[in-house]
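Asks: Structure incoming, see below.
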Amino acid sequence: MLTKFETKSNRVKGLSFHSKRPWILASLHSGVIQLWDYRMGTLIDRFDEHDGPVRGVHFHKSQPLFVSGGDDYKIKVWNYKTHRCLFTLLGHLDYIRTVQFHDEYPWIVSASDDQTIRIWNWQSRNCISVLTGHNHYVMCASFHPKEDLVVSASLDQTVRVWDIGALRKKTVSPADDILRLTQMNSDLFGGVDAVVKYVLEGHDRGVNWASFHPSLPLIVSGADDRQVKLWRMNDTKAWEVDTLRGHMNNVSCVMFHVKQDIIVSNSEDKSIRIWDATKRTGVQTFRREHDRFWILAAHPEMNLLAAGHDSGMIVFKLERERPAFAISGDTLLFVKDRFLRSFEFSSGKDTQLIPIRRPGSVSLNQAPRSLSYSPTENAVLVCSDADGGSYELYVVPKESSGRGDYAQDAKKGSGASAVFVARNRFAVLDKSTNQALVKNLKNEIVKKSLLPIATDAIFYAGTGNLLCRAEDRVVIFDLQQRLLLGELQTPAVKYIVWSADMESIALLSKHAIVIANKNLVHRCTLHETIRVKSGAWDENGVFIYTTLNHIKYCLPNGDNGIIKTLDVPIYITKVSGTKIFCLDRDGKSRVIAIDASEYIFKLALLRKRYDHVMSMIRNSQLCGQAVIAYLQQKGFPEVALHFVKDERTRFNLALESGNIQIAVASAKEIDEKDHWYRLGIEALRQGNTNIVEYAYQRTKNFERLSFLYLVTGNMEKLSKMLKIAEIKKDVMGQFHNAMYLGDVKERVRILESTGHLPLAYVTAATHGLTEDAERLAAELGEGNVPVLPEGRTSSLLVPPPPVMCAGDWPLLRVMRGIFEGGLETVGRRGDDVDEDADAAGAEWGDEDLDIVNVDSVIANGDIIGDGEDGEANGEEGDEEGGWELEDLELPPEADTPKATSSARGAAMFVAPQPGMPVSQIWTQKSSLAGEHAAAGNFDTAMRLLSRQLGIKNFAPLKPLFMDLHNGSHTYLRAFASAPVVQLAVEKGWTESASPNVRGPPALVFKFSQMDDKLKAAYRATTEGKFPEALRQFMSILHTIPLLVVDSRREVDEVKELIDIAKEYVLGLKMEVKRREMKDDPVRQMELAAYFTNCKLQKIHMRLVLSSAMSICYSKKNKATAANFARMLLDNSPNEAMAKKARQVIQAAEADEKELNYDFRNPFVVCGATFVPIYRGQKDVSCPYCGARFVPAVEGQVCNICELAVVGADASGLLCSPTQVR
């Protein structure tokens, strides 16, 4: 039994397979109907309108309908496409047990506890017949697949077969007047649409199920007497043929298998039994531990069964359907119908070779599972699961080819798997001893080899080598030298496929494919949601594989895609060009033609075979969003550009590939503000000021245009922008342009004209325009003249001179790209662009663009505002001006600005792509938070610390992050107008280092500094400066997460340092707290006692014990004081301390106050509440410092390190590259 899908739910009472789609309906005792996709293992829908259990459910064969019947006496017909109930059929007076659609007619048959069977017409929504005769609950009723019969089973211990021929005639035949009259009579006085043909009696208890054979005149029934009975019928009578005994409880359901000659039954004894229908004997039993079975369903077309039980359902197959095959050169050998056959790929010739022995036992799954072939000896090994795993060795005689009747005694043996490892040697796996037994063709053991891992299957891996499979890994083992040649961790491997040259291997698991080389060095892993079925290598090194419903490809780098959709699963045997040779589940050889252009194109791109890519672009019909997205993703937007017709996509790709020419053309077509704006940004990045200017003009972005003229030093056009702003009455624009020009007089005039006289006066006076200042002062009057500050030197508002005036940026000469020029003839041909214009190459100006000529605008003197409509008075056919000009005698339109003069024709240059910043290189390869902080990536550093150490409070780390970032960068000033150049400081940099290899960042925090901090903290503790000591230890705890050390030994030392700091911080915090609690002697003694439990240096332990002894003695807890005195004597105190301790021990007597302190019981102290957590009590810990807390503190920030969240999940401290490797 091969389980394909399993669900967990309430008790399943009804099941039905969809005839075409991989769907199954399950009706539950809870009243819900579930629709599952058993191939994907997902719940598609649920329907819950029934009140109470739903016992029957059935899909219609061709319509998008299903019917259900429940304990609410209702039959509901549903449309699964619209997800709703279409109508309800009412008529039954008790629970409905089963419902079923007729394959041809619009009928539903239902069985009910009201002792009747009803037939309904679901189109007219009427009950058309009631079958009465049973005198107890009717447990099931179903139509015959071909004839006009209904079979029913009842608790009255009978099975009845009903003839509904009259009902069919009444439904189908044309109703003439006489027929209509008889029909009316029969309707009035009770018709005979359905009559009982046979009553089958023989069961001793109520019958639960009865069903027809799909083609033979047989009925099978199951009952509460625990028996399955087989009945035969002819035209006149029906009789019992045999009884199948074996079930230990009521038989719930029983049916004939659609494709095999077997009967399947299930029962409340928690088992499913398989019976041989001809021999009438039990073949196999499948049991569940706790669940009774209630229902069975068979797929109408596929070899699938489903069974419903108390806690869900299972979809299963009885036998594997994969044919056993082996490939050798041009020949495929496979087993079909107990014969070994050969198929020649080149000629398509299919030959029957020899018969294969039938297995002796009657159980299932005895068919051949795998083949191994030795072409030189013409020998075949056939492996099967018979007798717990066995093999048979056949030598195919040359002359027998084609006869197929030649029988021979095979050499047999037991073994989990057997494969040829040389011309006349084969290896057999002996699982019990974990050995490979090497045998010759006489089936004699030649050699035994102990295998290196616990192996459950072996495969061929080249002459003399075995591929051994364990649960989680595979290894290649050399039998001759007994050496391990390769090892790879994989999911459980089911099949392996070697490439023709034995250089690559594909390991096929249930839902994954692992590609590796011949030494099992991993290349890539693919994961599939549906089961992987088979695969083969094509001559280009691409792996072609099948899942249940697709043929797919996998490139050497792991990229994959779909080639073709499948209706039924196939098993690929060979791939040759655009042909796939395969076997189907019936063992027939088939050839499928495929279109390989997509994966050949991607492979050429991957292998940088750009000549192939070019020819494919020219000749093939490759197109579609998938290819465009792939090219874009792989960094070839310029290639993707030549596939695209959509202007928006072309525009985006052109910007990405830096092709301003195409971007301008697309922006013209789209003509939207956002696209012109983005074009301007890209052109500015490339330093193409003409295009920037053009883009700003198209969007009427005067402010940006003025600023562009300022930075490019184009004072002439800037002064014209001033005049334009004046004509448009844009006062702010005028003022800005006057400022950019450094025209003080104009600024004074603008301020004066807008009524800002005080500002105008200040501007004139400051810039030395005495005459204007005097005039304005007179206008303002004596009391209103603003006073300029005395003794202050004024700085003038004058723009800096531009570094370079006008012109595009100089472009570097770069190597011509492989695709540039070569694709010029391939790109799209617009309807309005002729061949000659295309051939003109990289020059713009071939098309008319409506750019504004600023000079002509000014010369004509008048410009309108944005809001008014304007029309050019030029000749007809002139396009509208870009800035909506009115009443102007315009000269001819200006051309689109050209790309820089150096970039003409084939010699078009592209600005080189900026390199990757060093800080980005640091973060790409590192999982160390310190290095991310040094690179300035604070957010990723914080994420890493959160994931590794559970840190949530980053406030204490902020200054450390800043120090790290500033410390790993230095800054150079190049020249005045250029920005500061930032340089990354690398660890261990030397002049001889390669500029292409980047080292990690130099960090300002080093582990050696921690040693100095620790000594300072120890010194402060010894001197009793507790706040200072606490600050030092906290500083150590806050710095450690950002440290990077070089060796594993240092990693251990860092972890040890965290423990030391944690113990001291806990102790010192308790001591500080104790000193604050003057009025609570009990708490004071407890805290002093808990301090002695911290792991401290000996010198500090002596001081702590002495302090605790003194406090307890002074507070009259002399027994506890004596205990501390004894501990002090064990710690080698000085003479004065020892003397004092002995005196305390001598004066010991009972404690006055009871403390929450038991020195005999091991404990740790909670870092938040400072109470003991004794051994055996629950606690939670800080993922960073390891401090322990009572469970109530979980989720709060740790009180010791003040960084991490108590009880958070974290992967652990990562502070060295050695941990990552």
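Each residue, glycine too, has its Cβ placed from N, Cα and C.
Straight out of TrEMBL:
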- 47-88: repeat 'WD' (REPEAT)
- 89-130: repeat 'WD' (REPEAT)
- 131-164: repeat 'WD' (REPEAT)
- 200-241: repeat 'WD' (REPEAT)
- 244-285: repeat 'WD' (REPEAT)
- 340-584: domain 'COPA/B second beta-propeller' (DOMAIN)
- 612-767: domain 'COPA/B TPR' (DOMAIN)
- 816-1221: domain 'Coatomer alpha subunit C-terminal' (DOMAIN)
- 862-881: region 'Disordered' (REGION)
- 865-881: compositional bias 'Acidic residues' (COMPBIAS)
Asks: Mind checking which residues reach the repeat 'WD' (89-130)? Cβ under 8 Å, same chain, six or more beyond either end.
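Replies: Distant contacts of the repeat 'WD' (89-130): 14, 53, 55-61, 65, 67-71, 73-77, 136-143, 145, 150, 152, 154, 162, 164, 167-168, 171-172, 191, 193-194.
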Asks: Please count the residues of the repeat 'WD' (200-241) that DSSP assigns to helix (H, G, I), strand (E, B) and coil.
Replies: 0 helix, 25 strand, 17 coil
Asks: In the repeat 'WD' (89-130), how many residues does DSSP assign to helix, to strand and to coil?
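Replies: Breakdown, helix to coil: 0 helix, 25 strand, 17 coil.
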Asks: Counting by DSSP secondary structure, give me helix, strand and coil numbers for the repeat 'WD' (131-164).
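Replies: For that range the per-state counts are 0 helix, 20 strand, 14 coil.
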Asks: So if I exclude everything within five residues of the ends of the repeat 'WD' (244-285), which remaining residues of that chain have a CB under 8 angstroms from its CBs? That is, six or more out.
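Replies: For the repeat 'WD' (244-285), the nonlocal Cβ contacts are 1, 205, 208-214, 218, 220-224, 226-230, 291-296, 298-301, 303, 305, 307, 309, 318-319, 362-364.
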Asks: How does the repeat 'WD' (244-285) divide up by DSSP, counting helix, then strand, then coil residues?
Replies: 0 helix, 25 strand, 17 coil
Asks: Using DSSP, what is the helix/strand/coil residue split across the repeat 'WD' (47-88)?
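Replies: So the counts come to 0 helix, 24 strand, 18 coil.
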Asks: Average the per-residue pLDDT over the domain 'Coatomer alpha subunit C-terminal' (816-1221) and send me the rounded value.
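Replies: Per the prediction, mean pLDDT sits at 77 for the domain 'Coatomer alpha subunit C-terminal' (816-1221).
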